[in-house]
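Structure first, then comments.
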């Protein structure tokens with residue numbers, strides 16, 4: 001459970017023991033860093049963690065029902081703040097979030113515990129932070145294929161950034177529905193993406209909302225179909241549809257894939273079957289044109 005560390009580090013370690021006959025408990029005590037912290041640090045710890053014992057605050061109802069657990073989280077919060085090194089920002093938020101999750105899983109919803117000064121969250125454009133958000137938000141993928149939400153548990157709530165009304169999720173951004181891309185065999189493609197299907201038999205381009213065109217393709221004999229499309233085998237180079245032998249260092253690759261010595265390039269004596277080692281565009285400025 002996030003934020004719960006059994007009051008002490010040794011308690012946390014002992015909680016992982018599964019065979020008490022062979023594994024001895026950790027008995028080495030851990031010193032509370034707040035005991036040796038300056039008054040400014042301990043005062044800061046009290047201020048930042050007070051939310052976890054304020055019975056009139058946002059966590060009040062949960063504290064009243066789980067006072068011992070709330071006390072554990074409070075002590076863990078102070079521990080984290082006091083142990084922060086001088087140039088490290090105190091971070092009580094993971095512990096406070098852990099308690100919020102604990103309360104929610106115990107059937108007590110905690111809303112709006114974050115503020116501009118207490119563990120604020122910055123969301124991307126067109127989205128807003130919600131402490132009790134929709135666990136199955138609308139996305140470009142679900143708009144194009146509603147079945148993707150079939151297995152989503154819509155009961156309860158989640159904390160996090162959610163798209164504003166009129167926007168849907170695309171990756172990490174919130175966009176207008178009409179700007180969504182395409183879906184093919186369960187794969188979502190944003191507008192402009194060119195991709196191969198999992199069988200490598202089709203190459204598709206997404207031109208706009210559900211506007212997809214595909215053409216038949218096949219991997220080169222010296223390529224393999226991978227999750228990333230056609231990829232040339234080791235020792236070959238190309239785009240997967242066309243592969244040629246990868247020339248060694250010190251060699252020149254002719255247009256047809258033939259490898260010749262780089263010393264024979266632009267020497268007025270074509271070595272490539274297609275004479276590409278003597279093309280003017282390649283040899284311009286060398287002794288070839290002098």
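Placement of Cβ uses the backbone N, Cα and C atoms for every residue, glycine included.
According to TrEMBL:
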- 247-259: disulfide bond (DISULFID)
- 254-272: disulfide bond (DISULFID)
- 42-120: domain 'VWF/SSPO/Zonadhesin-like cysteine-rich' (DOMAIN)
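The domain 'VWF/SSPO/Zonadhesin-like cysteine-rich' (42-120): residue composition by secondary structure is 47 helix, 0 strand, 32 coil, according to DSSP.
In the three-state DSSP assignment, the secondary structure recorded for residue 272 (disulfide bond) is coil. The two recorded residues residue 254 (disulfide bond) and residue 247 (disulfide bond) have their Cα atoms spaced 10 Å from each other. Over all protein chains present, the Cβ of residue 254 (disulfide bond) has 20 other Cβ atoms lying within 10 Å. In this structure, 247 is the one among the disulfide-bonded residues 247, 272 with the smallest number of other Cβ atoms inside 10 Å of its Cβ. The CA atom of residue 247 (disulfide bond) is located 13 Å away from the CA atom of residue 272 (disulfide bond).
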